[in-house]
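Participant: This is the structure I have questions about; it appears just below.
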Amino acid sequence: MSSKLEQKEAHQTNGVVLPVMAVPVDSLASPDRQQLVEFLEPDQEGVEVVVLESRANAKGVREEDALLENGSQSTESDDISTDQGPVPPSPLKETSFSIGLQVLFPFLLAGFGTVAAGMVLDIVQHWDVFKYVTEVFILVPALLGLKGNLEMTLASRLSTAANIGHMDTPKELWKMIMGNMALIQVQATVVGFLASIAAVIFGWIPDGHFSIGHAILLCASSVATAFIASLVLGMIMIGVIIGSRKIGINPDNVATPIAASLGDLITLALLSGISWGLYIELEDKPYVNPLVCAFFIALLPLWIIIAKRNPVTREVLYSGWEPVIIAMAISSVGGLILDKTVSDPNFAGMAVFTPVINGVGGNLVAVQASRISTYLHMSGMPGESSEKAPRKCPSPCNTFFSSDVNSRSVRVLFLLVVPGHLVFLYTISSMQGGHTTLTLIFIVFYMTAALLQVLILLYIADWMVHWMWGRGLDPDNFSIPYLTALGDLLGTGLLALSFHILWLIGDRDTDVGD
């Protein structure tokens, strides 16, 4: 309860409700202000009154479809002087063109990052550790999804904090950085450990074979990869958000795609390198794997202590486990699909496309979820009734074809799917990745899978973010893990289905080489 009150006070001191002011009665004659007046001594002349600016008026200065000002928010709302100046101008509107312009470059950058990750996976799938410890393939979507869950959630959380003024002073900025970095290290270590257990179980159940050495190898590789990747990507994320805020770009439009631009590549490269190195040491130095795993787990108490000192991260530390753990389990199912298809000759070339289709879908839906969350945060606290948070499930027409700013951003993001994937497919083909020839029928099936994936994700995002808000859950912490995990599962499943249909009609026999 105390954390809720602290968050509400933080909202109120950053532009939602102006501070209480004592002013003369004569200064109240302003038609532009809605005031609540309480007379202290009504029988005396020259009496002073207490004036509170209503929450409705504070929200009214923001136009319905404006998400933030074109530039850094000023601290004029903190001025408690009795000088009644003009009402600050409303934030500039975000048009479809401005949204697309801000999203385009990070989207392409993130897409090329997933292309590079696909090329890496296409190469390392032939390494001995991937051949003899095939459960590593189950870790791939789980850890790439974990990167998305943690880094994109971090980006969304910090973007909202920046937009509502919680990072305007050096003290607030440093407090947010330390708390959030410690939080994601805790989450990365724990969920990385659970992902390795899931990989062992999913690998053991179908085959009935269990190896304690391979299990410890998976644990050490997963925990070390999750920890190091989250540390590096978290530092990059913080720099991106601070930089975009300073130059007047909406962090919601650029932070989540940039979080994924190098995320897949860094995570997959770390997983491949660490698992390969630990696999080499498995026979001669079997004690190395448990020592690596124990080292990163031993650091958990330090990160927990740091995260508990920040009210915002303390709440997530206690309540934010359910989405990332469930999301990890969902992504692991996608990893099981990848494990069973990547070694099948009928699915040749699928490894190089899996990170691309999963990454693009996850990036786009994370941008939309982050934007809707910021939009709702500008109206108050999670759980508060608001016209911006409808209680009913939205219709597809309202999600994709209405005139509000969130529907415009949905259309912009959806229109980026086909041209973006065409660029990425051409890049993969020109680099001879996946040994796959881009025939017309292959492109049609691939695009159908990609469009269907993004269409479903954007609609689910519109429903999920508003539903969580109505239940008092902060969408920045809870929605993105589910959405990115669903993106991994949908992307891998639809891609596998497309390859299977292409094999049935004979297209893959002529277009896939050894």
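Using N, Cα and C of the backbone, Cβ positions are placed for all residues, glycine too.
Any TrEMBL annotation is an automated prediction that lacks curation.
The transmembrane segment annotation in TrEMBL covers 103-123, 181-205, 211-242, 254-275, 287-306, 318-338, 410-428, 440-460, 480-505.
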Participant: Is the transmembrane segment (103-123) packed against any residues at least 6 beyond its ends, judged by a Cβ distance under 8 Å, and which are they?
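Facilitator: Tertiary neighbours of the transmembrane segment (103-123) are 140, 144, 253-254, 257-258, 260-265, 267-269, 272, 351-356, 358-360, 363-364, 367, 412-413, 416, 420, 423-424, 427-428, 431, 433-434.
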Participant: Same-chain Cβ contacts of the transmembrane segment (287-306) under 8 Å, 6 or more residues past its ends?
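Facilitator: The answer is 178-179, 182-183, 185-186, 189-190, 193, 213, 216-217, 219-220, 223-224, 227, 278, 281, 317.
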Participant: State the residues, same chain only, that lie 6 or more residues beyond the ends of the transmembrane segment (480-505) and have a CB under 8 A from a CB inside it; answer 'none' if no residue qualifies.
Facilitator: 141, 144-145, 148-149, 152-153, 156, 256, 323-324, 326-328, 330-331, 333-335, 337-338, 341, 346-347, 349-350, 353-354, 357-358, 361-362, 365-366, 369-370, 441-442, 445-446, 448-450, 452-453, 456-457, 460-461, 464
Participant: Go through the chain and flag residues at least 6 beyond the ends of the transmembrane segment (410-428) whose CB is under 8 A from any CB in it; none is fine as an answer.
Facilitator: 96, 99-100, 103-104, 107-108, 111-112, 114-115, 118-119, 352-353, 356-357, 360, 364, 367-368, 399-401, 434, 436, 438, 443, 446-447, 450-451, 454-455, 458, 462
Participant: With the transmembrane segment (318-338) as the reference, find which of 181-205, 211-242, 440-460 contributes the most Cβ pairs under 8 Å.
Facilitator: 181-205
Participant: Mind checking which residues reach the transmembrane segment (440-460)? Cβ under 8 Å, same chain, six or more beyond either end.
Facilitator: 353, 357, 360-361, 364-365, 368, 394, 396, 399-400, 410, 413-414, 417-418, 421-422, 425, 483, 486-487, 490-491, 494-495, 497-498, 501-502, 505, 507, 511
